[in-house]
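Heads up: the structure comes next, in structure tokens.
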Ligand SMILES: Cc1cc2nc3c(=O)[nH]c(=O)nc-3n(C[C@H](O)[C@H](O)[C@H](O)COP(=O)(O)OP(=O)(O)OC[C@H]3O[C@@H](n4cnc5c(N)ncnc54)[C@H](O)[C@@H]3O)c2cc1C
């Protein structure tokens, strides 16, 4: 089995300052296209592939009014160069999607196009560098305004450049708050710095005014048209071989699938959410890829919880809602960390980890981890679940990640890259943020010396072995391999390496934030 795509660990990108921060765009009078007074507005969708609660789409339709038209565009912002080349060093380019996320994107765009058609709209697909594509498209259709919802990754630098270009050309260019409950710069410590510890961060979020109600989607769009690519030409789906059968069985990408998932969770899942740490219990929402691609907004998720609370909940469910919302808070926390630490994927947040003696990954060991053949049942179950479905239960993610970085002493970036390629919810902030959390090198991270014992974790969270049996049916037979490493010895080696790193870095006290206060660890 080889990588689904060749994604590479990139060297550090230079730090970049927040730019498209949404402070109101300079309002410029809408330009009247020559020869016609019917305005064309462009709505540029990115990680917000939905109609409901989409402020940019709403603004585009409103700006077009009854006489104008709206052009909805998605740009595949893939650089032309291969994955491991210049675009990874370009702080304005989004990270090229992994294979599982490309599968998701294809189906999500197909669903979006169909949903838009149902209200008269049309989805135009373009490919290239956004700073080139968007202004050129605006020129081509003689647009008077361009709208988008803000993103908080390094790609916001491109948005800022585009906003300046459009504004200079006399267009209205406006961005909106849509994809996080709290934009990163709105939640800060008393000293005006970003939070580095989750608990006070989330407390500060909860002290803010409650998130707004979601906006309704448009009921009618008058489409402006322009030539575009055919979705199939983007070749986002795997063909040789087609390994996506398990993804198809597991997921329904698109806005409708997202709302169905939320409804199912609010109906049955929430009451069982306190069992979310048990991978066989199915207690979690499975909303992460839908949130990742913006098929549902966090405001809609919040509203579902608010309505359930208003309708009345028993004690357990009421408790579960608070826990669930705090998990949504972790998504926001990681987004705010990436916002202030653009090199999150490449660099240890704690510089002393730069001296950690990671071993050179042993190809056979790494392959055994990726393919679920380590002989450690919970690790193998998780890695096979990931390969088959494009997701993995959260607790098991922590276990397999700990096994890689501690028992196998492999650099967290190697595991992060594999997850990036295989997860349907692979997220530019949450993936490296969580990997650094497990590795101990991140903000508010689990201390490195907390080494998950996969056997104890299985006893605690999969006591009847249902999850392991489901993914590792040969467990307990002669076909199942012996353990790749001895857990006790490798744990001792990991702790020795950690102590050596600390000694070399001159760290003797407990490091600040060695709290391991991730809610799921307790
Ligand atoms: C090594 C590792 C890598 C991870 N990579 C990703 C990733 O690339 N993308 C991703 O969305 N999540 C990632 N997670 C976090 C978490 O595992 C998933 O968000 C969760 O399993 C999704 O399942 P759910 O939607 O049923 O979660 P629920 O428990 O129902 O949580 C609701 C929502 O909260 C958010 N959330 C929950 N836990 C976390 C968390 N720890 N960090 C950030 N957001 C969270 C997700 O958006 C999720 O959909 C990673 C965790 C680990 C340990």
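Note that Cβ sites are derived from N, Cα and C of the backbone, with glycine treated the same way.
Look at TrEMBL and you will find 273, 324, 425, 426, 427 tagged as FAD binding site. Sequence-distant contacts of residue 273 (FAD binding site), defined by Cβ-Cβ distance under 8 angstroms and a gap of at least six in the same chain, are 283, 284, 285, 317, 320, 323, 324.
Annotation comment: TrEMBL describes 1-19 as compositional bias 'Low complexity'.
Per TrEMBL, the feature domain 'Photolyase/cryptochrome alpha/beta' maps to 39-181.
The region 'Disordered' feature in TrEMBL is assigned to 1-36.
For residue 358 (site 'Electron transfer via tryptophanyl radical'), other Cβ atoms within 10 Å of its Cβ number 17. The site 'Electron transfer via tryptophanyl radical' annotation in TrEMBL covers 358 (among others).
Look at TrEMBL and you will find 412 (among others) tagged as site 'Electron transfer via tryptophanyl radical'. Sequence-distant neighbours of residue 412 (site 'Electron transfer via tryptophanyl radical') (same chain, six or more apart, CB under 8 Å from its CB) are 401, 404, 405, 435, 436, 438, 439, 441, listed in sequence order. When secondary structure is read from DSSP and collapsed to three states, residue 412 (site 'Electron transfer via tryptophanyl radical') falls in the helix class.
According to TrEMBL, the site 'Electron transfer via tryptophanyl radical' annotation covers 435 (among others).
Counted over every protein chain shown, other Cβ atoms within 10 Å are most numerous around 427 among the binding-site residues 425, 427.
The two recorded residues, residue 426 (FAD binding site) and residue 358 (site 'Electron transfer via tryptophanyl radical'), have Cα atoms 24 Å apart.
Residue 425 (FAD binding site) falls outside any helix or strand according to DSSP and counts as coil.
Following the DSSP three-state reduction, the secondary structure of residue 358 (site 'Electron transfer via tryptophanyl radical') is coil.
With DSSP states grouped into helix (H, G, I), strand (E, B) and coil, the domain 'Photolyase/cryptochrome alpha/beta' (39-181) comes out at 58 helix, 29 strand, 56 coil. The recorded positions in question are 324, 435, and the one with the fewest Cβ neighbours inside 10 Å is 324. For ligand 1, the recorded positions lying close by, meaning a CB under 6 A from one of its atoms, are 425, 435; the full candidate list was 273, 412, 425, 435. If you draw a 10 Å sphere around the CB of residue 426 (FAD binding site), it holds 24 other CB atoms from the protein chains shown.
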